[in-house]
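Trainee: What follows is a single structure, and I will ask about it in a moment.
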């Protein structure tokens, strides 16, 4: 067991070091190049490959502005289609579904079940108490008939 702790500490330290090395990013100032009427900013971040879900998407063109019903429209170049970023409370491909907050109304059935459970529990305790008292009284009874002060005529 003593050997297990240093090994786990060693593994944890190596994992933290690996994460730190992956998270380290050097930032270089952008290079601006004038191309016609367009200004292009190039940085090292443009050359980094990332997951598709995190890639930048541009705002939709005017013909797609009404595509999203309850959200902001963005055009994803790799998917080559308009996607929606829904406002809070809406879901769906075009943010057309309202997310309803659901809650359950307390019904009387729940309270009836709790009442029956408590009643059965109390009844069980009473039966156990009755059996205990009866057994105790039977142990205390003497096998002889002892009168408590009354005398019967012979």
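Here the Cβ of each residue, glycine as well, is placed from N, Cα and C on the backbone.
Swiss-Prot lists these features:
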{"type": "DISULFID", "residues": "60-73", "note": "disulfide bond"}
{"type": "DISULFID", "residues": "68-84", "note": "disulfide bond"}
{"type": "DISULFID", "residues": "86-95", "note": "disulfide bond"}
{"type": "DOMAIN", "residues": "56-96", "note": "domain 'EGF-like'"}
{"type": "CARBOHYD", "residues": "37", "note": "N-linked glycosylation site"}
{"type": "CARBOHYD", "residues": "41", "note": "N-linked glycosylation site"}
{"type": "SIGNAL", "residues": "1-22", "note": "signal peptide"}
{"type": "TOPO_DOM", "residues": "23-110", "note": "topological domain 'Extracellular'"}
{"type": "TOPO_DOM", "residues": "132-154", "note": "topological domain 'Cytoplasmic'"}
{"type": "TRANSMEM", "residues": "111-131", "note": "transmembrane segment"}
Trainee: How many other Cβ atoms are found within 10 Å of the Cβ atom of residue 68 (disulfide bond), counting all protein chains shown?
Mentor: 23
Trainee: Tell me, which disulfide-bonded residues from 60, 68, 73 are within 10 Å of residue 86 (disulfide bond) if we use the C-alpha atoms?
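Mentor: The disulfide-bonded residues passing the 10 Å Cα test are 68, 73.
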Trainee: In angstrom units, rounded to an integer, how far apart are the Cα atoms of residue 73 (disulfide bond) and residue 84 (disulfide bond)?
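Mentor: The Cα atom of residue 73 (disulfide bond) is 5 Å away from the Cα atom of residue 84 (disulfide bond).
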Trainee: Roughly how many Å separate the Cα of residue 84 (disulfide bond) from that of residue 95 (disulfide bond), to the nearest whole number?
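Mentor: Rounded to the nearest whole number, the Cα-Cα distance is 7 Å.
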Trainee: Can you tell me the CA-to-CA distance separating residue 60 (disulfide bond) and residue 68 (disulfide bond), as a whole number of Å?
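Mentor: With distance taken Cα to Cα, residue 68 (disulfide bond) is 10 Å from residue 60 (disulfide bond).
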Trainee: Hey, what's the Cβ neighbour count for residue 84 (disulfide bond) at 10 Å?
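Mentor: The answer is 22 other Cβ atoms.
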Trainee: Cα of residue 95 (disulfide bond) to Cα of residue 68 (disulfide bond): how many Å, rounded?
Mentor: 6
Trainee: Have a look around residue 86 (disulfide bond) and count the other CB atoms within 10 A of its CB, chains all included.
Mentor: 19
